[in-house]
Ligand SMILES: Nc1ncnc2c1ncn2[C@@H]1O[C@H](COP(=O)(O)OP(=O)(O)OP(=O)(O)O)[C@@H](O)[C@H]1O
């Protein structure tokens, strides 16, 4: 009997899809159903293999009835379904790796996206799934499909610039698409801290009651880079209560960090245990294929047209950090525009020589600072290098000037050049302005502190 099921498995899934298509989106089908494989048939129970252990309960909850009915009808006799993880059965048959490429859906209004603090570009559609992040991606999708129901909190951890923020935003976009009225708030732990500082001092007329309402009155709260509140006692305390309020009313909490909860040494025990109530997933550094795919995706999104040799060169040489990978591409394109020349392998070698020389792997460069600060403020390096003079661009630009002077040996001329051919007096002015503000502005001090840790995690 199992052979018959195996032979006809695709057909069975297609029948299921046809029958329940109105309840199963394309992305759900690809993520949860396509990777399933029949394993055995004993008594009247068919056992189905789920590739990843943590998702058995989810697949069971959402799809066991559909599978049971479809298979029973197909076989012409009543049967039960059961699920096992791939590693559990150690089957001779290797199920195919899950294919998790989501499909685009209809857009949500830009206002809604802005109110939730989301980067419009960070969706599931633009997230490349590879062996380094497929578990985190699947977990993110499960939470997006059933917020507050199954994995709460979802804790995503991984090294710098590997896509944690992107994945968090993707969850939020997905939920908003399903239900534009959902109350969703994404903040960095820095913003949480800064707003708490302001509320305690009653700055900008925000009271602590308003602060609490803002954070506790959400269906989904996403807090990025939680490691930055560690050691800040009043912030931890406040976050603990926010967490409890949301959790008790079954609201979804999503947290990211550079380490798993058990390795965050100074994390209070009561917070640590709460973080571990849900599901913890990690993102690793991308392998070569994933790096290539990310560069191709970026090229497609930005409308660049770059020779395969150049893409391969970047993917071969920049390995650990996706932000650096993107930064390298941006730098090459900027250099070719500045010099009005084609993008060739020689140009790429020249542009990246500082970044990829064996000793310079961890060196802090103006390009790295530009990339980190731009990401942090939700703008692009091109904005920073442009002539735009709006406050939302000028301020990060000045912060970059300050950090370049503080953290690199680069000359004023080089800093100016990296910032879109700016004069050295502009750089001095920008850096001094931030240095002066730092004397009186505690929230700016917190921001600079965090940016420095992001730029140079050691
Ligand atoms: N799998 C991916 N597919 C496409 N782009 C990605 C992927 N992972 C990361 N990126 C891109 O890399 C950049 C850095 O990612 P992101 O900001 O999400 O990293 P992070 O892990 O949150 O970093 P940090 O630790 O500094 O907060 C972003 O521009 C993001 O879009």
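Cβ coordinates come from backbone N, Cα and C, glycine included.
Taken from TrEMBL, the feature region 'Domain I, interacts with DnaA modulators' applies to 1-92. What TrEMBL lists as domain 'AAA+ ATPase' is 150-282. Sequence annotations record features per position, and here TrEMBL assigns ATP binding site to 161, 163, 164, 165. Sequence annotations record features per position, and here TrEMBL assigns region 'Domain IV, binds dsDNA' to 337-458. Under the heading domain 'Chromosomal replication initiator DnaA C-terminal', TrEMBL lists 365-434.
Shown in sequence order, 158, 160, 162, 166, 167, 256, 283, 322, 323 are the same-chain residues outside 161, 163, 164, 165 whose Cβ sits within 8 Å of the Cβ centre of the ATP site. Within the model, the domain 'Chromosomal replication initiator DnaA C-terminal' (365-434) carries an average pLDDT of 93. Mapped onto DSSP classes, the domain 'Chromosomal replication initiator DnaA C-terminal' (365-434) shows 52 helix, 0 strand, 18 coil. Spatially close to residue 163 (ATP binding site) yet at least six residues away along the chain are 127, 133, 136, 283, 322, judged by Cβ distances under 8 angstroms. The Cβ of residue 161 (ATP binding site) lies under 8 Å from the Cβ of 321, 322, 323, 324, each of which sits 6+ residues away along the same chain.
Within 10 Å of the Cβ of residue 165 (ATP binding site) there are 22 other Cβ atoms, across all protein chains. Summarising the environment of residue 164 (ATP binding site), the number of other Cβ atoms within 10 Å of its Cβ, over all protein chains shown, is 25.
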